[in-house]
Amino acid sequence: MPQAPLILCSIVFSTYLLLLAAVSAQPNTHQFNLGHRPALHRRLGSGFDDASINATENQLFYAHKATRKNGHPGQRKEQHHHSISQEFLFAHNKVRQHFNEPLLEWDKKLARYARRWATKRSNDCKMIHSYGPYGENLFWGKRDHWTPTEAVQSWVREHKFYNSENNECVPGQMCGHYTQVVWRDTARLGCTRQKCQNGGLFVICVYDPPGNYVNESPFGTINPLPLTP
């Protein structure tokens, strides 16, 4: 009988092992990102070669509101959550505004969904998706100082790997996090940051409606303006 299918499976499995080893060997000082809906965006960067993001210092676009010192603990906690949510929202909409995309709205239901999943990951900080009905971007940092803006910027930096002419990622690179951030039909957002028991930070953003559908452009029929590197 023909042996070609067996040889092909062997090659694919060997390639998977090599890529998995390469990811595992990355320094712990790097942050790794995973895009959601892998079955839907094969052309938009799903795969085993997760891009590593070097730590950089960034200017925050959103200034945190000062917490009143004389406020009750519950009020201070609520103000903190509001500040974090607004920073997540602002970081997304700053990019979407550049492309004249509809601005996202903060959704409490999505935020609760994100918090529930992040809580489940607090013991190990593993980059595991919830595989729910929403779009989803994840971020992990070895330490817990990463801000919402920095997490979103790490996803947006994938823009340099997205080819808008053929609606594909550059071969060997990921761009699915970026395309989800700017996906035109997405209207609602919910995110959270979770400090993990190992000292790291787990970030999850949830999007509704989800993006990254095969053969669909994140910008619809509008030609996007280039982002500066």
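Cβ atoms here come from the backbone N, Cα and C positions, even for glycine.
The signal peptide feature in TrEMBL is assigned to 1-25.
Here TrEMBL flags 83-215 as domain 'SCP'. According to DSSP, the domain 'SCP' (83-215) comprises 49 helix, 29 strand, 55 coil.
Within the model, the domain 'SCP' (83-215) carries an average pLDDT of 95.
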